[in-house]
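**Q** Quick one: the structure is below, questions incoming.
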Amino acid sequence: MTTKGPESEHPSVTLFRQYLRICTVQPNPDYGSAVTFLEERARQLGLSCQKIEVAPGYVITVLTWPGTNPLLHSILLNSHTDVVPVFKEHWHHDPFEAFKDSEGYIYARGAQDMKSVSIQYLEAVRRLKSEGHRFPRTIHMTFVPDEEVGGHKGMELFVKRPEFQALRAGFALDEGLANPTDAFTVFYSERSPWWIRVTSTGKPGHASRFIEDTAAEKLHKVVNSILAFREKERQRLQANPHLKEGAVTSVNLTKLEGGVAYNVVPATMSACFDFRVAPDVDMKAFEKQLQSWCQEAGEGVTFEFAQKFTEPRMTPTDDTDPWWAAFSGACKEMNLTLEPEIFPAATDSRYIRAVGIPALGFSPMNRTPVLLHDHNERLHEAVFLRGVDIYTRLVAALASVPALPGES
């Protein structure tokens, strides 16, 4: 790919880089500057701007372009404003400089996840408005905080508020992932995050003795049971070339805690696990399996949830569904190859789907390595600009979906 010099940079790219320079990095994001940036975008685009504080210091910004038929449900274009932490020593360039190299690659935290999509929404609406378009359905763009740490002070609270109900959303778009091939990945569901702490209690004593019924022995049994399950799921994924990672349940041991000294057998030890539960799993049965593994290890072994999501929904991806037909039809007109998948991690889409609103996760980045959360996260400006073109067509198609049963 080639790129133009800085004197002829596309205005959409300049805006993208400006947004990337706002340091909304966890654990102390500069949300205030992001909101100010979005307020200015609303003013320039002639859109209404609503700010909803769902928790102290956590503001959701909603930009709205009214449709011509208020009886129809709206289109929700969702993105999050926060980004994950960085290890600057591993970056070729300052991750908050939005440096663009001679080939056109823009290096910045958030370049893929997901400030690119936020600006693509805004630029798609700007283009459609400047061309004089009006659509039957209202378009809301929501910019939410806290997604990278679970969304508990963001979308999870927002969907329960009257301001969200007032948006009357009928369909939503949210983030996806890059695809290194020619195809574009679209996500219609996602795995449920279960963060679990297993605690084992046993007999303490001097470490020179063979003590029976120790916390470590019993915790070891649970760890073995869970890792055996992990291996079974890993082999199931590897054995079936048609399965994607999001279709199986993953688990990783992420933390071990316990002990006070080298020569003291601890009375308590714990292990933390990050499960990502596939949407077709029987949640109640799986929780009973966890209980069984703890019981089999012996007395005094329990588990608790640090995070538990149990309402996975799947957005239809067949042509009888009007939303999918509009989305996939627009992609077909652009000769885009779609690969529908289950998102392997978690996004704010899970909260949107849980309240009955179909949602697709889509970040238009093909021929691009997946670099979210990675060192040297980057996106080529040509890929970004094509994404603006793609979202312009998608927004127009979705906002033009005719009235559905019950809407008029």
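Note that Cβ sites are derived from N, Cα and C of the backbone, with glycine treated the same way.
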**Q** Return the residue out of HIS373, HIS375, HIS380 that Swiss-Prot annotates for the same Zn(2+) 2 site as ASP113, GLU148.
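**A** Swiss-Prot lists ASP113, GLU148 binding Zn(2+) 2, and from HIS373, HIS375, HIS380 it also lists HIS373.
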**Q** Just to be sure I read the record right: HIS80, ASP113 are listed as binding Zn(2+) 1 in Swiss-Prot. Which of GLU9, GLU163, GLU175 is listed for the same site?
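**A** It is GLU175, as the record lists it for that site.
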**Q** Cβ-Cβ under 8 Å from ASP113 (Zn(2+) 1 binding site), same chain, 6 or more residues apart: which ones?
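**A** Long-range Cβ contacts: VAL83, VAL84, GLU175, LEU372, HIS373, GLU377.
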**Q** Cα-Cα, whole number of Å: HIS80 (Zn(2+) 1 binding site) versus GLU147 (active site, proton acceptor)?
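**A** Between the Cα atoms of HIS80 (Zn(2+) 1 binding site) and GLU147 (active site, proton acceptor), the distance comes to 6 Å.
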**Q** Between ASP82 (active site) and GLU147 (active site, proton acceptor), find the distance joining the two CA atoms and give it rounded to the nearest Å.
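**A** So the alpha carbons of ASP82 (active site) and GLU147 (active site, proton acceptor) sit roughly 7 Å from each other.
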**Q** Setting HIS80, ASP113, GLU175 aside, what same-chain residues sit with their Cβ within 8 Å of the center of the Cβ atoms that define the Zn(2+) 1 site, listed in sequence order?
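**A** Apart from the listed residues, the neighbours are SER79, MET114, VAL117, GLU147, GLU148, ASP174, THR347, SER363, LEU372.
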**Q** What does DSSP call HIS373 (Zn(2+) 2 binding site) in the simple three-state scheme?
**A** coil
**Q** Around the Cβ of SER408 (phosphoserine), how many other Cβ atoms lie within 10 Å? Please give the count over every shown protein chain.
**A** 10
